[in-house]
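Asker: Below: one structure in structure tokens.
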Amino acid sequence: MDEALAEQERLRGLADLTSPGPAPGEVRMVAGVDVSYATQGDALVAAAVVLDAETLETVEVRVVEGTATFPYVPGLLAFRELPSVMAALEQLTRTPDLLVCDGYGLAHPRRAGLAVHLGVLTGLPCFGVAKTPFVFGHRDVGEERGAAAPLTSDDGEVVGRALRTQPGVKPVFVSVGHAIGLDHACAHTLRLARRYRLPETTRAADHLSREHLRTLTR
DNA sequence: GCGACAG
DNA sequence: ATCTTGTCGC
């Protein structure tokens, strides 16, 4: 598993972490990806969904059936999820302007979370929205929608942002992966999470992969 | 050495 | 991630 660490170091070096990237108004199509796993066995279903960034209407959906070939190891999630996710993305007939995934990007032990892998491997602007804390803490987040607090490493580097997308719900954790800055990533997150805690991209991909997996188990 | 640990 | 029962609120 040393190769995995070497690969993450390689990807981290290839990631574009300085470009501001596309602002919300500059994105026409935004894609979301997610993977669902069967309780029994190693079957999985990956989903890729493309939404109209303006209306959030679904433009295209793709699901691929696959097999888990890598265990879940905190810090190595990309190696478990990416093979099937890439396969689903390759089935799309449109090329999205932006990619949103579950989990972290820069806010990762080696600065190489899923969003970094996905962004570098696709060459598309990409950031991650995680639902639970990982390795970085933050100050209290205001209660109103849009309130935020930086995720900071020990040496004071800002690696992400805890962001409240809805009042009365826990914040999400945004971190960039490739070719987009944190400010734009958070702006996109808020636009994609108008009604719910999570971005519509994540909700749609999660729903699609879960429903398709259910049809397999039946 | 032990605990914590995205999905 | 997935499983599960009940509960709160629009």
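Every residue, even glycine, has its Cβ placed from backbone N, Cα and C.
Below are the features listed in TrEMBL for this protein:
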{"type": "BINDING", "residues": "A:Asp34, A:Asp102", "note": "Mg(2+) binding site"}
{"type": "SITE", "residues": "A:Tyr72", "note": "site 'Interaction with target DNA'"}
Asker: Far apart in sequence but close in space: which same-chain residues, 6 or more away, have a Cβ under 8 Å from A:Asp102 (Mg(2+) binding site)?
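Answerer: Set apart from A:Asp102 (Mg(2+) binding site) by at least 6 residues yet with Cβ under 8 Å, we have A:Val33, A:Asp34, A:Leu114, A:Gly128, A:Val129, A:Ala130, A:Lys131, A:Thr202, A:Asp206.
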Asker: Neighbour count, 10 Å Cβ-Cβ cut-off, for A:Asp34 (Mg(2+) binding site): what number do you get?
Answerer: 26
Asker: List, in sequence order, the same-chain residues at least six positions removed whose CB sits under 8 Å from that of A:Tyr72 (site 'Interaction with target DNA')?
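Answerer: Correct list: A:Arg80.
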